[in-house]
């Protein structure tokens, strides 16, 4: 029992550390850009390179586990992640940092899926719901609390500490894993379809770049995006064909024939899109439009983490009686209600009005996330848990990328449309305009124009966030529909 507790601690800590490194770094990007003399597009590759590498490496979890064993893979992945984190902290230029982040994503990507598989194998079937609730808590803790930790570190220390913070945490997790993970000899030499793997890597990498950089490149008006889309389509089609016709495929697509698994995987994509979209952009909304300091914005957004923990603990206690599907449906409904409550936000929002939708949403997120994970592995045999965890992890990563890309595009396009619409109502002879400016009608100064432009921009951005919150609420409704269909049929 004690061995299982400390092993679980090591695995959950490793999971938190890997997923935390997305949002914690995002908060520090402006500070990195200033220090490394990079523009907004260039510095975004610090995040993009990590995501591309993680999307490419996550499906390899099953193969690497079979080839090297769980213990070896865990120690190598965790140790490499900590070492590269230290190197990221001492990097001196952008190219070096982007390369290191690419390596960090490759090395650390197996950690959440490997932890999930090892936890499932370490506990009896009747305890799977409870342990999946704990694993889900570790996965969502990173995106929720990342802005808080990142905001504190960049405000009180330095941007390099978003990488250094991994060192003490990672070293402790590595020592626990070294001491309490079981030595196994279940690894074996197996052949692998190299061409299929290369196709998968190219396809997933191109898709991740499309989702991450598409809005900046203006989507399909960009020649690069068109080329990447064709490349991703061709590479993934070839990969699916080879994986369906060969026994040595790097990914076992046959797992998708399991009804519970494919339903949960699809729900993970849509639910992940809504979750990552909201937790990524609410702190930005609070900072840019309401003037919150980064640390305060992080704390307001992290309030949903408190109820998310409550939702997961509740799920872990009752899931063996209700089943995962009913709890997932309830969680999605609560998440959708919380998302739609955010469409009532305005530029005069008080802190409590910003917090309570997150509390409701957090409860739903906690219930749905852990229930969907439990549903995915409900009927997967133990021998296939590592492969299934890797494939399920890819769905989660892609869902997050879709959500962030969707929100970015809506904010950009909707703000442009709202700007044009609102600017059409600006009339120099409108007395309400002069009352707003608190200047006499005869005054005509560049300052007046600047004030009006700034206010129109704020209002346009506010309207674009409302559109984005409507869309993300709709994503939770889509997830509810997927689960309802699965429950009926």
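Any Cβ shown, glycine's included, is placed from N, Cα and C.
For the ranges 14-32, 223-241, the feature annotated in TrEMBL as transmembrane segment maps to 223-241. From the options 261-284, 429-452, the stretch TrEMBL describes as transmembrane segment is 261-284. It is 468-486 that, among the stretches 73-92, 223-241, 468-486, forms the most Cβ pairs under 8 Å with the transmembrane segment (322-342). The stretch from 354-377, 389-411, 468-486 that makes the most Cβ contacts under 8 Å with the transmembrane segment (296-315) is 354-377. The highest tally of CB pairs under 8 A with the transmembrane segment (261-284), across 73-92, 98-123, 192-211, 354-377, is held by 354-377. Beyond the ends of the transmembrane segment (73-92), by six or more residues, the same chain brings 11, 14, 17-18, 21, 61, 64-65, 100-101, 103-104, 107-108, 110-111, 114, 118, 160-161, 163-164, 166-167, 170-171, 173-174, 177-178, 181 to within a C-beta distance below 8 angstroms of the stretch. A contact between the transmembrane segment (98-123) and the transmembrane segment (389-411) is present, since 3 or more of their C-beta pairs, 6 or more residues apart, lie under 8 Å.
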